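TrEMBL annotations:
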type	residues	note
BINDING	VAL76, VAL77, ARG78	FAD binding site
BINDING	CYS244, CYS249, CYS252, CYS260	[2Fe-2S] cluster binding site
DOMAIN	11-108	domain 'FAD-binding FR-type'
Amino acid sequence: MKAVKIKDSEYEIKKGKILKAKMLTTMEKYFEIALPGGESLDHEPGQFVEVSILGIGEAPISISSSPTKRGSFELVVRNAGKLSGALHKLEAGDEVGIRGPFGKGFPVRILEGNDLLFVAAGLGVVPLRSLINFVIDNRRDFGKVNILLGCRTPQNMLFNDELEQWGKRLDVNFNCTVDKADPDWKGNVGLITTLIPGINLEPERTFAVVVGPPIMYKFVIVELLKKQIPERQILVSLERHMKCGLGKCGHCQINNMYCCQDGPVFTYDKIKGIPEAL
Ligand code: FES
C-alpha cells in the first residue's frame, strides 16, 4: 500500500447545518448545507465530502453545487443504506458532520478555452452539475458546450427546473433521452450512446466529461473514440466503494491508485486497460 500524507484538517469534522432538504425523486433527496459562519467549502467541481451522523457512520458524497455558489453547498443522497436512510430522515435545521472536500476534481484550468461535451447518465448528473454550473457561470472562458443527459424514465430525472434552464440557453446545446418513456414524454427515447453520433464537434479542441453508472462508460467511450476525441481529453469520474477518503483504508484501490486521492476524476488514457477501472 502506498504511503499517503494526511493533514490534520482532513480529520476535522465540521458541523454542517441543513438549510434546505427536499425529495427530488422517490429515492433521491437534496440537501443545501452551510458550514459554521458561512465558511466556504472551497471545493473544486468533481470533489466529494465525507458526511457523518453521530452514532451511525460516515459516507462519501459528491458535491453537486458549483464553487461559484457561495455560503452553502449542495448534495444529493440516494437512499441505499444505513447512513443514507438516516440522512433521508433529516430536514432543514438538522446538523450533519462534514469532512473534506476530498479527491481530485475536474481540471478546470485545462478545460478553459476548449469545447466541452458533457455526458451524464443516472446519478452522474449530480457531480457533473457542479462543473456544468461552474462553466455556465464562467461561460466566456469556455468554447462550445454540449450537454447530453440520460435517465431510465422521466420520473428519475433530477433537477428538472434546472435542466429546463440549460435547454433554453442559446450558448449551450442540451439534449436528453430516457430508456423508457411514458405517453407525456416528448423527448428522445433510447440509450445515451445514441445521442453522440449526432453531435457536431472538433475533436482536437473538445474535452468529453463522462459521469454515470459503471456499465455506461465502455459504450460511451467507444462512441467518443469514434468521434476521434483524444484519449487524454476524455475525463471520467469513477464511482468506487470509498470509506475513509484519505488513502488509508484501501477500499477504493484501482491497481496502484486510490480513487479517493488520485481520482475520482481520471483521464481515459490513465485507466484504459485496467480491468478493475472500467
Ligand atoms: S476510501 Fe479509503 S483509501 Fe480511498
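Backbone N, Cα and C atoms are what each Cβ position is placed from, and that goes for glycine too.
Selection of the binding-site residues VAL76, VAL77, ARG78 by a Cβ distance under 6 Å from ligand 1 yields an empty set. Take the CB of CYS244 ([2Fe-2S] cluster binding site) and look out to 10 A: across all protein chains shown you find 21 other CB atoms. Counting only the Cα atoms, the space from CYS249 ([2Fe-2S] cluster binding site) to VAL77 (FAD binding site) is about 23 angstrom.
Counting Cβ atoms from all protein chains shown, CYS249 ([2Fe-2S] cluster binding site) has 15 others lying within 10 Å of its own Cβ. Rounded to a whole value, the Cα-Cα separation of CYS252 ([2Fe-2S] cluster binding site) and VAL76 (FAD binding site) is 21 Å. Remark: of the binding-site residues VAL76, VAL77, CYS260, the most isolated position is VAL76 (fewest other Cβ atoms within 10 Å of its Cβ).
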